[in-house]
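First comes the structure, then the notes that go with it.
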Amino acid sequence: MVNHASMTAHLIDGKAIAASLRQQIAQRVVERRQQGLRTPGLAVILVGTDPASQVYVSHKRKDCEEVGFISQAFDLPSETTQQALTELIDRLNDDPAVDGILLQLPLPAHLDASLLLERIRPDKDVDGFHPYNIGRLAQRIPLLRPCTPKGIMTLLESTGQDLYGMNAVIVGASNIVGRPMAMELLLAGCTVTVCHRFTKDLAGHVGRADLVVVAAGKPGLVKGEWVKEGAIVIDVGINRQEDGKLVGDVVYETALPRAGWITPVPGGVGPMTRACLLENTLYAAEELHK
């Protein structure tokens, strides 16, 4: 590992990398049109009025417009039934104009999210949450890869560092980030340890890591002084403080002088998750729905 003693970390600019990815996707959509090929289509389903979900969904629709995808919006009332949603998903599964189906989580409590996610056809599961796609990743033959881990791999590539053989520590074991992230890093040749907020001697694990990915949803969980000199720090956390400021799961100010590379919050991982959703939708259109 490069030693960055008494230096400040290189910032990994997720915003800029995501913008460049969106530009490439938009260019490809234009080329497809010129070749007389279909425009990629994404269907976004939102159930209820959760304000955070509404913001995320509006971002995703705006992203679709920006790259020239056709986006279909389904804003459904909170009391929508499991059966009505199942029927909608079936209809979208059968619609040849739809390459990706996105079901915005969390869903109202009376709905079974697992059953609904499994109802989405694996070749239209652009979030990469279907057990089939997670299984493909586990078996080292990924098809549609979960967006946040996939975006993080793109950020890691941008550092130019060779990940092969690195000690990687993931803090947080969720289905959406931690677990698939572990599989992505195994695939990249890392030695992977998965921790969580109740891990004994979390500081010790973090201190041995050449690469730390923190996705625990707990502000300030990982202290800057735990970070090994020169390590790569990827902070997936996004927590709003009482003063309205967004902070990650890592104490940024104290990690900055120790890390070799670090993602800011906001402007690090978040934009990449959104860009990878578009990348997956394009991939589905180009490779899976020829």
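Positions of Cβ are set from backbone N, Cα and C atoms, glycine also.
Now, the feature entries from Swiss-Prot:
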type	residues	note
BINDING	G172, A173, S174, I238	NADP(+) binding site
Q. Taking G172, A173, S174, I238 as the record's NADP(+)-binding set, what's the max Cα pairwise distance in Å, rounded to a whole number?
A. 16
Q. Across all chains shown, how many C-beta atoms besides its own are within 10 angstroms of the C-beta of S174 (NADP(+) binding site)?
A. 16
